[in-house]
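Q: Before anything else, here's the structure in question.
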Amino acid sequence: MSKAVVYILIATAVLLYKCLFPLSQDEPKGSLNRRFGYKLLERAPNFDPLVADIEREVEKKTTHSEPVPRTSTTLDNTTSPNDVSGTYQYLTSGGKLNTTLRLIILFPLLDREPKDGVVGFEELEAWVTQRASERLDYLTQAELDSKDKNGDLAISFKEYLPQFSEKRIEENKMLHGEAGWWKERFEVADVDHNGLLNFTELRDFLHPEDSDNKETLKWMLRDRLKRKDDEKDGKMNFNEFVDHVYGTYETYMTFETHGGSIPSPKEEFFQLDVNKDKFLSPEELIPILSYIYPGELAYAKYFTCFFMNEADDNGDRKLTLKEMLDHESVFYSTVHADGHQESDDEHDEL
């Protein structure tokens with residue numbers, strides 16, 4: 001792993017700590033979970049849509065099945081300027097993206113409401129969220145193109161998972177990854193119950209954390225909470241909530257409130273327990289889904305905080321063009337990194 005990539009990982013972890021605990025300057029800096037730092041980088045959408053276009057063109061040209069490393073966004077070895085429409089005018093003489101020019105061009109697009117010459121937190125978050133949504137759409141379209149064998153712009157269960165025989169499907173085994181488990185997930189995403197997933201349904205199927213389909217959210221929570229159900233009764237009691245859920249919720253809420261007041265475990269449990277039966281159902285956990293199982297769109301808030309904390313020199317929660325230019329490597333980390341990020345499949349889970 002190159003020094004540049006190591007620096008990015010360390011900087012990300014430090015800035016995430018600042019993001020999560022901005023009002024706790026007197027407390028000793030604890031070490032962040034190593035896996036969390038990797039997840040933050042892995043899930044970061046490209047700040048500049050042009051960089052995303054370049055990476056996608058590189059993906060098309062590679063013959064490898066694994067994704068192209070996020071740190072190799074240059075055009076000198078893998079592709080040429082003419083391969084990416086409209087890119088040549090933004091290149092340096094060395095064939096790399098002129099990020100200074102790109103920031104100057106993008107700044108007016110970020111400064112929208114109000115048009116006041118600075119980019120506020122909400123404006124920056126809206127921009128980053130849109131980039132994350134575009135990436136979800138791109139990944140969904142790529143999967144649709146890959147699996148839609150008959151060209152009807154929809155995917156059947158057999159098209160998506162041809163490895164399952166009719167016998168295995170009929171056995172309907174519900175363990176994670178078994179045919180029955182996949183079938184149930186497929187049917188929940190199939191809103192119109194026609195046996196096919198259109199683009200929107202496929203996106204929900206692939207990325208349930210970012211779905212607007214309440215049934216998909218309930219299925220995902222029910223599935224993931226099985227491992228936290230110590231009593232094996234299909235419900236979450238207060239002790240299970242404290243042991244398995246509240247800590248993660250507290251961490252994400254600390255970020256969102258900038259270190260402000262957070263409900264205690266009892267207060268939050270009581271608020272979520274709508275029917276007051278002293279248990280939480282998957283449906284009752286939906287209001288805190290973005291804190292306990294954040295998807296790509298929820299993670300956009302973290303990157304907004306990362307960008308703001310790194311580039312906001314005067315601490316006014318607004319970015320001027322000068323501040324962004326002074327910290328352009330933060331917004332274009334994959335362009336300015338000079339090495340390849342090594343994969344590590346054995347990180348601890350969150």
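Even glycines carry a Cβ here, placed using N, Cα and C.
In case it's useful when we look at the structure, here is the feature table from TrEMBL:
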- 1-26: signal peptide (SIGNAL)
- 58-81: region 'Disordered' (REGION)
- 70-81: compositional bias 'Polar residues' (COMPBIAS)
- 177-212: domain 'EF-hand' (DOMAIN)
Q: Would you mind splitting the domain 'EF-hand' (177-212) into helix, strand and coil residue counts from DSSP?
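A: Breakdown, helix to coil: 22 helix, 2 strand, 12 coil.
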Q: Within the domain 'EF-hand' (177-212), what mean pLDDT does the predicted structure show?
A: 96
